[in-house]
Amino acid sequence: GSPGPAPLLGGRGRASSSSSSSAVPPGHSFRRVTLTKPTFCHYCTDFIWGLAGYQCEVCNFMSHEKCLKNVKIPCSCIAPSLVRVPVAHCFGPPGHYKRKFCTVCRKSLESLAFRCEVCELHVHTDCILFACSDCRQCHQDGHQDHDTYHHHWREGNLPSGARCEVCKKTCGSSEVLSGMRCEWCGILAHAACYIIVTPECTFGRLRNMILPPSCVQLFSVNFSKLHCFRISENLQTEPDEKESDVDGSTQGSAKDVQISTDSSKQTLKIFDGNDAVKRNQFRLISVPRIAKNEEVVEAALRAYYINDDQQEYELQTFTQQALLSDDVINRNDAAEDSNSGSVFRESVPEAWIIRAKPKDEEVIRIYPAWLKVGMAYVSLRVNKDSTVQTVIKEVLPLLGRQMECLENFKLVEVLMGSKQVQRMVLDNQELILNKLKDIRKISIRQMNQIRFYVVENSESIVQVNLFVGGLPPQLSPEEYRNILKDELAIKTNAVSVSHVYQAQGAVVLKISCFSEAERIYTLVKDTTVNDKPLNAVVIPEVMASKIPQNCWPLLVFVNPKSGGLKGRDLLYSFRKLLNPHQVFELTNGGPLPGFHMFSKVPSFRVLVCGGDGTVGWVLGALEEIRHKLACTEPSIAILPLGTGNDLGRVLRWGAGYSGEDPYSILISVDEADDVLMDRWTILLDAEEPAEGTENGMAEPEPPKIVQMNNYCGLGIDAELSLDFHHAREEEPGKFNSRFHNKGVYVKVGLQKISHTRNLHKDIKLQVDQREVELPSIEGLIFINIPSWGSGADLWGSDSDDRFEKPRIDDGLLEVVGVTGVVHMGQVQGGFRSGIRIAQGSYFRVKLLKPIPVQVDGEPWIQAPGQIIISAAGPKV
């Protein structure tokens, strides 16, 4: 994706440099224009004084006269030819992006626009077809894989305070698209300076947290980029509508060319081939009424970002027969007679198709696919007798492979579209000129995005790993196989079960056929087993042996529903700053796919973005899968997005995320200290059947085990949680801000003020095998961390000879009582602390009647019976 200079193999294998020292800027067609409004230079970002500036007629690049000779940024029309390794972009739904500029036409994004979820590409809806596939290469997919990484430069949309790495001056601009940024290491530079930065990229300050792309393997032929990076499709609009409306160049190109009211000009619709006609995708151009044929052809080519010689193209009238037959009536013969006068006299917007004139011979570029990085190619003259086979025969000697057998090579046509890179192996007997003619007939725009690669035949091994969750838990591998056979009709010769996670009801399928993988993936989304929907996630393979010694990749889990939807922005930011493969959205299959992908990584760290409930969910999953991980005890950092965030406060990550820079958060994660924390297992054993069962003969509920990280409350504390929980379930849409959530808590609490309960009469407590007398209380709380109910210190800071000073890793829980809602309010306000009751490592509570219970904010009503609390496995 880097437009830097690279050696090109010219005509007969001579090396020539693409950045010739002549003053011709790369691909632009500058002409002097009169400025009617304040304008800035795209090269030096300074204001252009006076009335004259120079503008590229194709990509709108503006420049001072003095800057022209220094312009190094290539024009959009040659951008596809500068791509190193073609990688498609990953576009989400269109949105509004303030103070950003389009990469193709360089204008600001005032209307709806697309942005890539993986790199910093922003593009208008009608420019998306002209963006080329120059996204970051985040994994190896069997095409041009390499282990050394070059900077991946992207122009513009930098923060205004950005400073150049080379000259240390500011290089950002909020007025124009300018300045360069490497999308791996984040290094910033001027357009004039980035060329002298050493090409190798070391991934910058975050290098020991980034999962290196050379260590990730993913064969993803049939999957969209959104599926490969597990980006939620529920954010996607219906693709069919989007394809026809938003991708059409119809409404967008009108933003540049208003239907001309100027009587000396007229507006024409231009199609670039049969494909555009079928989809009704045209561009509008405005030309003088007395325009020469050549001028109109030139304007039409510019509208399609093509800077070829207009002599090679002609215009044909667009008639309905164009759809039925390929030989559209050629209007050019008629035009020859009146060449001196005007060709286009009608005032209605007319439709024309731009066609390439047939050639008897031309020069094509052939790229060797075994060159891992770089854009070296061989130029070859082909005529009407040249077939694919003769091309391969002529090319091999120029590439130093003349001793090898022709049968070992094939010619591949690669279409480098912005959304998809399509590869097609050409038939050996196919005539090359006919192939080019067919492509141009379909679309001359696509011709600009097509490359031919000479590729060695090799046995390609297809392997797609698909994680399937939502199956019934605790079945044998054989039973899982049978369910998959029945529900998904899997082909056993192409699909095998490589991993089984019985406790979670999940399996990982190893699939050796792309179409079968795609079929299963699509089918899983509409399949339910025991009324529970299945989910599928594409999992890349991490080649652990390739991970550098000093690298501990960061596994990021984000709950997009936490914290007033801030999670969504964080997902986007972390995908940009790290390798998007290491960022997991918890609503898409939970934490297990992430831990499975990292299971062979010798040492890694985890960042959980969410509330305390989310942290508990990830810790629970870690506990269940720990024995299958190469790194059994990864350190865990927390970015608090919830309402309470007590664990985040204790570990000093703050009371809640309020929009800090995600880059500085990653630096904090890298520099944070390790501490250990106790976890506790709670066994709930109901001795009586739950209420509401018929004639009292039902069996009691089976014992239930839950894990606890922060605290466990019985009585009034759990009752308030339960009421809040019910309120949130009734109207989930309202609970998207911390402020509102806390308001509901207060309201629920005020309703309970007058209630009196005698909790101490309804329960009996045993601590470390001895009975403990309970004072008169309404709530009993077991605390593991010194923060409760959004930061209150329930135990208090007074020293007490009876108890040790609490710590989160001392193997002890503190037991505290509260006398009611008013007491809880005073604790929250910092005026009082709770009633200290006990401290210990093993607790038995006997419930004499149904009582509300909550563990880490998850409340329910517990039937009479026993509750046993004891230390869980190793500390985390």
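Even glycines carry a Cβ here, placed using N, Cα and C.
Because TrEMBL annotations are produced automatically, they should be read as predictions rather than curated entries.
Annotated region 'Disordered' per TrEMBL: 1-28 (among others), in sequence order.
Residues or ranges marked as domain 'Phorbol-ester/DAG-type' in TrEMBL: 27-75 (among others). Mapped onto DSSP classes, the domain 'Phorbol-ester/DAG-type' (27-75) shows 3 helix, 14 strand, 32 coil.
Per TrEMBL, domain 'Phorbol-ester/DAG-type' is recorded for 88-135 (among others). Secondary structure of the domain 'Phorbol-ester/DAG-type' (88-135) per DSSP (helix as H, G, I; strand as E, B; remaining residues coil): 3 helix, 12 strand, 33 coil.
Annotation source TrEMBL lists domain 'Phorbol-ester/DAG-type' at 150-201 (among others).
Annotation source TrEMBL lists region 'Disordered' at 239-261 (among others).
The compositional bias 'Polar residues' annotation in TrEMBL covers 247-261.
The domain 'Ras-associating' annotation in TrEMBL covers 360-459. Per-residue pLDDT, averaged over the domain 'Ras-associating' (360-459), rounds to 88.
If you look up TrEMBL, you'll see 548-686 marked as domain 'DAGKc'.
Counting Cβ pairs closer than 8 Å to the domain 'DAGKc' (548-686), the top stretch among 27-75, 88-135, 150-201, 360-459 is 88-135. Across the domain 'Phorbol-ester/DAG-type' (150-201), the DSSP tally of helix, strand and coil residues reads 3 helix, 12 strand, 37 coil. When DSSP labels each residue, the domain 'Ras-associating' (360-459) comes out as 30 helix, 36 strand, 34 coil, counted as helix, strand and coil in that order. In terms of DSSP secondary structure, the domain 'DAGKc' (548-686) contains 53 helix, 27 strand, 59 coil.
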